[in-house]
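Colleague: So that we are looking at the same thing, I have put the structure below in structure tokens.
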């Protein structure tokens, strides 16, 4: 990393948690990732979900076909775990270089997770095979019981699922995705080299007051939901600490404006256009710019056993205005920090 007055040069980053959707939406949103990020772990929660090698190969090709000319971008594909998925399918996908990782959604925990897992113990044969092969398990870490408060679901997931899982599969490589609580940050920080976590820009910049005070702000609504300020501060401390177990994962999750601004709005923040600038802002505020490159560009590849990118990207302390909306077909998307002026600009 090179730091000059008002500029910062870092290895080109990767996004270790990304939703690209499909069809017209894919073509609308992909350029905002590929212009800043060299690789991204692409989530499999399409309708229907990506549960076979053939589906995954076809989806990967649709992504590659949508990459703008002049952009160098590699999608890293994932398999959607279900109660019925076989060990043979998962391991075949890994051997063929199709599945980089497997994604565990508890059933009905978030967008397009109805086909998700209903029994964690039922997946133990998959976890054993993944532990032996070194394949990472990516987890949306929330319990879904109706009697558990939505703000408590991540902390309860640690107690009910993560602790037994780590006990039973101590060398299974696990990414606790988009962590949102002090408990999760502490759990990962105290773990070993087989445990890591991604953190989103919205959970670093905002807490539930920002979403709910003065009216409901639907474009900050995501799952796991924003928590109290004490959790936000714990996440900021974790992300900027320099610990290698924490790395960038935007969880950029686009929805058309009409589906966000509705009586039953969808969960997800479309942050790809502004994520890198947002992370830089947080690290600057925490006086930790010296750790930004590791968080964005080094820790993730190291955990996945991949080389860091050789290309570089430059961030400059220059004001950048965020547009209010982005076209997607005949409708629009609202980007994270829409209408605001950012402190940082990216020179790709």
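Each Cβ is built from the backbone N, Cα and C atoms, and glycine gets one as well.
Per Swiss-Prot, active site is recorded for 251, and the stated evidence type is sequence analysis. Look at Swiss-Prot and you will find 17, 19, 103, 251 tagged as Zn(2+) 1 binding site. Positions annotated as substrate binding site by Swiss-Prot, on the basis of sequence analysis: 19, 20, 21, 45, 140, 223, 255, 267. Residues or ranges marked as N6-carboxylysine in Swiss-Prot (evidence: sequence analysis): 103.
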Colleague: So how many other Cβ atoms are close to residue 19 (Zn(2+) 1 binding site), meaning within 10 Å of its Cβ?
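Modeller: Result for residue 19 (Zn(2+) 1 binding site): 24 neighbouring Cβ atoms inside 10 Å.
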Colleague: What whole-number Å value do you get for the CA-CA distance of residue 20 (substrate binding site) and residue 103 (Zn(2+) 1 binding site)?
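Modeller: Cα of residue 20 (substrate binding site) to Cα of residue 103 (Zn(2+) 1 binding site) measures 15 Å after rounding.
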Colleague: If you measure from the CA of residue 45 (substrate binding site) out to 10 Å, which recorded positions from the list 17, 19, 103, 251 are inside that radius?
Modeller: 19, 103
Colleague: Neighbour count, 10 Å Cβ-Cβ cut-off, for residue 45 (substrate binding site): what number do you get?
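Modeller: There are 22 of them.
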Colleague: If one measures from the C-alpha of residue 223 (substrate binding site) to the C-alpha of residue 17 (Zn(2+) 1 binding site), what distance in angstrom results, rounded to a whole number?
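Modeller: Distance (Cα to Cα, whole Å): 13 Å.
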Colleague: Taking the Cα atoms as reference points, how far is residue 140 (substrate binding site) from residue 19 (Zn(2+) 1 binding site) in Å?
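Modeller: Cα of residue 140 (substrate binding site) to Cα of residue 19 (Zn(2+) 1 binding site) measures 13 Å after rounding.
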Colleague: Could you check the binding-site residues 20, 223, 267 and say which one's CB has the most other CB atoms within 10 Å?
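Modeller: By the 10 Å Cβ neighbour count, 20 comes out on top.
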Colleague: Can you tell me how many other Cβ atoms are located within 10 Å of the Cβ belonging to residue 21 (substrate binding site)?
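Modeller: If we count other Cβ atoms within 10 Å of residue 21 (substrate binding site), we arrive at 21.
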Colleague: Determine, using Cα-Cα distances only, which of these binding-site residues is closest to residue 255 (substrate binding site): 17, 19, 103.
Modeller: 19
Colleague: Taking only the binding-site residues 19, 21, 103, 267, which one has a CA atom nearest to the CA atom of the residue listed as 'active site'?
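Modeller: Considering only the listed binding-site residues, the nearest one is 19.
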Colleague: Measuring CA to CA, name the entry from the binding-site residues 17, 19, 103 that ends up nearest residue 267 (substrate binding site).
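Modeller: Answer for the nearest of the binding-site residues: 19.
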